[in-house]
Every structure is written in structure tokens, then in C-alpha cells.
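Here TrEMBL flags A:1-107 as domain 'HPt'. Annotated phosphohistidine per TrEMBL: A:His47, in sequence order. The region 'Disordered' feature in TrEMBL is assigned to A:154-240. Here TrEMBL flags A:154-182, A:208-217 as compositional bias 'Low complexity'. Annotation source TrEMBL lists domain 'Histidine kinase' at A:244-491. As annotated by TrEMBL, domain 'CheW-like' applies to A:493-630, A:650-780.
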Amino acid sequence: MEEIDEIVHEFLVESHENLDQLDRDLIALEGAPGSRELLSSVFRTIHTIKGTSGFLAFGRLERLAHVGENLLVDLRDGRRSMDQPTTDVLLLMVDTVRDLLGSIERTGGEGDVDVEPAVAAITRVHDDVPAAAQAPTTPDAEPETPAADAPALETRAAQTTAAETKAVETQAVETQAVATQAPETNADETSADEVSAVETAADEAEVEPAPAAQAPARPGIIPSPRAEAVPSDEVGTQRGAADSSIRVDIELLDQLMRQVGELVLARNRISRLASSQQDVDLARSAQQLNLIASELQEGVMRTRMQPIEHVWSKMPRVVRDLAALCGREVRLEMVGGDTELDRSLLEAVKDPLTHLVRNAVDHGIEPREVRVAAGKPAQGLLELRASHAGGQVSVEVRDDGRGIDPEVVGAKAIAKGLRTPEQVAAMSANELLQLLFLPGFSTAEKVTNVSGRGVGMDVVRTRIEAIGGTVDVESVVGAGTVWRLRIPLTLAIMPSLSVECAGDLYALPQVHVVELVALDAQRSDSGVEYVHAAPVYRLRGELLPLVSLAGVLGVEVPQDEHPAVIAVVQADQQRFGLLVDRVLTTEEIVVTPLAARLKAIGVYSGATVLGDGRVALILDVQAIARRAITRDSELSTRDANAASVTRAEVEQVLVAGIGGGRRVAMPLASVARLEHVRAEQVELVGGREVVQYRGTILPLARLDRLLGTFAKESDELLLVVYTRGSRSVGLVVEEIVDIVEDEVGNHSTIDDSGLTGSTVLGDKVTELLDVRSAVLAADREFYDEPAPDDVFAGLDELVGAAR
Amino acid sequence: MSSYVTFTVDAGLYGVDVQRVQEALRAHARTRVPLAPEGVAGLVNLRGQVVLTVDLRPRLGLPPVDDDAQQMMVVVQVGGETVSLLVDEIGDVVDVSPERVEAPPDTLDPAIRPLIRAACTLDDRLLLVLDVDEAAAA
């Protein structure tokens, strides 16, 4: 029984390959209808499926393949030519065959897949041609019950013929055993005749049902390898690859990869030992081991590599069907199909890539009339490009369609309540395009069955990120869109940084690490500042949010330990600093998958054994980012929800102390940066205080003096820098207290010069700074210059509402 | 006749089906897993393989072991995964005849109940047979 199962399995594997080939051939055939070579290839594929399925007693599959074959015989013999309806029914047949195979794979039987529509469609097309007089008898004359017997014999006949065409004389004895059951077939060579011979055989089956019914029960007579050998040899000239390669079980390759992984670990250990000892011989051997292990690793990794073509091969069909459905004319070009990728990754990019392609055809490329009106060629161009770049594979889906209008995206985001108008107004075109990846976003004006159901780009992004890749989009309105995927070459082995946190070692994948910043532990203020409870670090003038690894992991840090290193990491669109105690080394690590319940924690992507034998958890930077920075996104969703009801009433404000216990709040949106300058840097220009700042002169306004209070004298000034266009001013404050949300509705109108009102923020009365007048106090011409995007739009609104 | 690998945790004698046990050995240094469920004692490097270690004590409602106690690991196979159970001491492999195997007493704490498959009356003491899958799923 098990042998038969194995035969069925091989049949499935082979048939799936054949069907892919068939898809390609049929599409190619449409372009070159006369090609006998292609027709023969198609014919042989169907013939093989028909033969084997009959042999394995899959009656419906066999019947379907049989009518398909009849049609193909006419094509091959030039009695009809390839046209649209013919291609359509043949593709329909391919799909139905796939369904049947799927059912067989799942349940072991043909299940309830209905072949009749396909059979009827093929027969209809076939019957249109009067020349094929013999054909109609086949599908119609066979009622269900004898069909189960007859195909068995037909198959035998068919296989016998095929085998004999090859004229393998050494196998004649075996063949004979079968041939005696269907002697008529021996004499015939051409397949057209074969069909009639098969019918004769079928007739005969009525007379002699017994041997025919027996035949499938004896698989030993024709060993299945030979059945396979027939198609592959015949087609040998076309599919040369089959001769020089062998099929290897994926499981075996995975196992090899694991073992190589362990070898790499053992090598790491030996290298470490060798370097700690003075033994020259050991060092030399270790070096050699190092070399061999590296080469072996590379070699095994290569066996798992497959050209991306494997995924792309389905695209011509997808594009063709979809283009026909949407009424588009699309030319598909594929460049770099030989770019190789680990097969597990290949599997993972298949669906996202298909989705992007469908999306490009459906939404990207315009209908013919629109294109012509826009002065573009009527036929749209869809390009798939793959290439290696810096240890990653870059895959592009590029169309020359209408492009994506960032304004439309922004408007959509507002309409769907995903972002507030203020947020959208502050976004660059590129940032707006990134909104496409938000869950629940879809730009399709009408929902089609192709795309535009609100599940889409966010799924694409989730999938790609799950394998450590990234996806982004570029678009020029009217000129086209490029979706770019960046995918790592392999998942199994990756360079990583080992970091220490609260005495434990963790592996931080190097792809995410942008840079390392050492904190000076000697200085009391080590450069980490706090905005309320949130630590930040000033990295080259930009505020970098910090995330303490110990905090994320919830581990207790010994009193004397202080985070000494900031690993600046990049996850999604976010960049943040991960605070760790120490950074030890970089190492090639072998990723071991985690037990499901550890994976569910959502902070680790795997585990690994380090060179010293210790186990280290691999940090999932993206998950940490989401965990630590969720507050932000929750906030924006909450904002967005509020915005959909009324207008946004909440604004983030920066609260600063200005001396004398007074606090002022200013809208955060208009703050460009926070800066420290030493008091002696302040110079006077015509009675105004200025500092030199980034090669320009930055006028200052001291808020304490402006608002009638006095700040403590110190030798350092804290500046809140406002920028508009090319002009900047600095407002001097005593301290930064917090960033909070301010509810516009709660403002009191009690004010004074320089203020626009007051409110209660965090249980303290806080004055709302009239930023405009404060800025004007520093630079009278600040607002004279028209700025491209008015950063004060939000501010004016706040002011307006407060009044 | 069933064979069980026996071990002690705290004062109790427990056993698991010998077919499921890969090996028993002295406990390795573990890497703790912050944020993991209570029963997860950490990860160990078992000849290059990363293996999850489960501490049976919280599951059995027992107090945690002293820090310096030398523990043992019973390495079992659970659904294709290798898991090691942290125990105090390894005992013999005992054969128990079917008539000595009884259902666990009804008075057993319901929280522990799914963990105990049977109670075997050995000559001198009681052997509680653990359900390996339950135990490893701490």
C-alpha cells in the first residue's frame, strides 16, 4: 500500500511541475500559434497526466485529460489553429486538473471536484471543428460505470505506445506483458491513431473487462520510474535541466542545513579555543576548519537557493487573466529571473509578490483609452526586476501606469479615520505613500474581486517583515509606481551583535543595527535626558527615543549596572536607541526556531548557541519597536477616532519651565529641535541676543524676560528652536518638563501679554505661550518670508480656538 | 507491563513513560527567558541543540528550589520537539504491572489533575505517572 502512496505522491509532484510548464507553454503558444514544438510539449504533458491518472485509477482526472488531449491532437495535427477560446478552455482544463490534484493531495481521492463544466467546454470547442469527425463519441458514449474500467485499459494502451515510440528494446519483455492486453495499439505510431486505437481498446474492454480491471492492481508490471522516464526523455531537448539535476527532498536539505549550522557553531568554538592558546598547529588547523566550514556553509546554502523565476513563472498567467478581466493591455517583462533566493524565502514572497502584480494590473495600469489620451502607448508595461544588492535581494514590481497621488492617499487616510488632517498636512509625499501599508487602507475607488478589499498592502508588509525583509513604494503621478521588496538571502545563518543586558546575552540581528553609541558612564549626565518618563538622546542634533532593553524584558537591573551603550536600530520606519549594558562581539549565528509558546511572547525571533556554548535569545527588533512605541500608534488611532467625530481637539504640547515656578506650553508640532548652548556663546547683535548655530545666526528670545519673570542664572541655556523656511529662532527656557496632550476645549481665556490663555496640564496651571509674538520678539521678519508648508497652521488653530 | 523513568521532585516520586525519554543528565547552565510563562526555566545548549527547559515545581504547586541545588534534567520528546524537565534526582526505571496502576485519587488538586495520568502502588511508595505532553507544556 505504501508503495502505491509513494507512486501517487510522485505523480502529484510531477504533475504540479508539468502544469506549471503547461501554463507557460499555453501562454507562449498564444503568441506563436504555429509552433509545433510548443504544441508537442503541451500535448506530451497532458498525455502523461492522462496516462498516469488512468493508471492510478483517478477516473475523472483521466477523462478530463482525455478530452483535452483530443483537442490538442487536432491542434498538433494542424486541423485547427490556436485561438483565444481554445486557450481559454485549455487553461480551464489546467485549473480543473489542479483542483483535482489538490483534492488528491488532501484526501487521497478526487473528492467532489466537478469536471463536467470543463469537459463540456472543451467538447464544445472541439466540436466546432467539423474535420474532427471521430471525436464526439469519446466523451459522450461512455457512461459513468464502464468509464472506471475503460480508462485503465486505455492508459495501458497509451503508455505502451509511448514506451514503444521510444523503442526501448531492452524493455520489450515488460512491455509485451501489457501489450498482449491491447495488441492493437502496437502497430500505431501517431497519436491521432492512438486515440482511435484507444477507443477500440475501450470497446474491447466491454468484452474483456476482467484483465483491464486487474491491471491497475498490479503496479509492478510497469514500474512507475519508467512511466516518468517517458516524458522526461522525450522532452529532453527542451527541458535539459532535468537531465543534469536531481530531485532532493526538502527535508533532507533542511537537515543538512541544520547540521552545517552546528558545524559552524563547533567551528566558532574551536576558533575561540585556538585564539586563546599559543599552539601554532592548532591555530593552523582551526583556520583550515574555518575555511572548509565557510565553503560548506555556502555550498549547502546554495543547494537551497532557487531562482526567483520559480515564483515568476506563474506571473504571465496571472497577468494575462487579470488583464483580460480588467480590460487592460499589459506587457509583462521580467528581468533578473535567475536571481537566487533561499527556497523558504521564495515561498514566503510568492503571495505578496502576486498581490503586488495583481494590484499593478488592476489599479496601476490604466485602461487603453485613458493611456492613449495621456499620450502613453496603449499597452501598459509591467516589469519585474530582481537583483542582488548588499547581501540582500531586491525585487521590484514596476508599472508605467497612473501612479499614486499622495494627496488622494492622505485624503483617504483622513476619510477612513486613520490619520487626522493635521497629521496628514505635516507629512511629506513619501510619508503619505507609506500610509498605504496601514491596516484597513485601500485606495481602490470601487471594490473589485481582484483587489481593493482593504486587505492588501498591510498584509504584504507583514509577510515581508516576517522574513526580515522590507517593502517600500515610490510613485510619480502619471508616470508609474515602483514597489520594492528587500529580502535577506537566507534566514538560517545571519550576522548578529551579541549584547549584554542584566547579565544575560542577547543576539541583535545586524541588519537592524545602524550604529552604536557609547554613553560616558563617568559623567553624571551621560547624555540621556528625560521627556517626562521617556528617555531620549540627542544624536547629532536629532532627538532619538530610547528604549531600555531591560525595561522591555521586565528584568531587574543590578544597582551598580548602568546601560553603557545605545544600539541605534532601525525597524520599519522607526529609528530608536536600544539601551544595553554592553556590546560584546559580532558573530555569525545559526538561528534555531523557538518553541511556539516562547515565540508567542513576541520579543524573540529565535535562539542561538554562541561561540562559548551559551544559548542566547535573538531579539525581534520590529516586535520590540512595536511593543515599546505602541503608545505612539495607539495615540494616533485614538486621535483619529476623535477626529472622525469632531475635529481634532487634542494637541501635543511641549511644557517648559521658564523660571519662578511658571510653566508655559507650546505646540510640539512647530518645535524643530531642542538645543543646549553655553551662556558664553551668546553674542549681541544690535541689542539682540544671538548664538552661532550650524553656521547661521540664531536670534534668541528669553521667555522669562518676555513674560515678566526671572529664571535662575546658569552657564547653559536650553533652547527650543523654531524653524520656518530658512529662518530659525531659539526660545530660551529654564527646563523642559514634559510633552502632554492638551485639550483645546478646556482652555481658560485668562491671559496676559505674550500669552494666549491658560489651561491645566497635569494638575498644574500652565500658560499657553503666544509663540508668534515670542518668535517675533526674537526675529521681526520671521513671518515675512512665505514658507512652503506653514508649520504654524496647527498653532494658529490652537490660538483661534483658545480665544 | 509499563516501564517508567522515575525521578523525584521535592518529596514526591514521579515517573514518565520510558518510550518518551531521550536521556537524563545533570542540569546545564540555563539561559533565562524574560517574559516567559512561569514554568519555563530557560534554554539549554544540549550538544548544540537549543532545548527548552521546563521547571515542574510551579506546575505541581511546589516551592521553588534553592539556588545552589544541583538539579537534573530528563530530556523528553514532545510532538517532535525536545524538551527537558527539571527534576531533583533521577531514580530507576521501574516496571509496573497493570494491576498496580490506578486512576489518580479524586481528591487531587484540580490544577494538578491533568498532569497526573495514574498512580502506581509500588511496594514501598506511590509513583505518580506524569502526562509528558501536559508536563512539558508548563
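Using the three backbone atoms N, Cα and C, a Cβ is placed for every residue, glycine included.
Please treat TrEMBL annotations as automatic predictions, because they have not gone through curation.
Secondary structure counts, DSSP: the domain 'CheW-like' (A:650-780) has 21 helix, 79 strand, 31 coil. For the domain 'CheW-like' (A:493-630), the model's average pLDDT works out to 81. All chains included, 26 other C-beta atoms sit within 10 angstroms of the C-beta of the residue listed as 'phosphohistidine'.
Here the domain 'CheW-like' (A:493-630) is broken down by DSSP into helix, strand and coil counts: 22 helix, 73 strand, 43 coil. When DSSP labels each residue, the domain 'HPt' (A:1-107) comes out as 92 helix, 0 strand, 15 coil, counted as helix, strand and coil in that order.
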